[in-house]
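Taking it in order: structure first as structure tokens, then the write-up.
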Amino acid sequence: GPLSCGRNGGVCIPIRCPVPMRQIGTCFGRPVKCCRSW
């Protein structure tokens with residue numbers, strides 16, 4: 001969820017993560033990804 005995403009240093013981004021980032025989970029169901037920079 002959004003809280004665990006933030007604790008892991010990620011941000012919630014709709015649809016898909018931009019290129020320099022990778023997905024580490026989801027935020028609000030499947031459409032919103034939790035993304036983190038390398």
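Each residue, glycine too, has its Cβ placed from N, Cα and C.
Disulfide pairing as given by Swiss-Prot: among Cys34, Cys35, Cys5 connects to Cys34.
Recorded disulfide link (Swiss-Prot): Cys12 to Cys27, out of the candidates Cys17, Cys27. Cys35 (disulfide bond) sits 6 Å from Cys12 (disulfide bond), taking the C-alpha atoms as the reference points. Annotation: Cys34 are the disulfide-bonded residues among Cys5, Cys27, Cys34 whose CA atoms are within 10 angstroms of the CA of Cys17 (disulfide bond). Annotation: Cys34 carries the greatest number of neighbouring Cβ atoms among the disulfide-bonded residues Cys12, Cys17, Cys34 [cut-off 10 Å, Cβ to Cβ].
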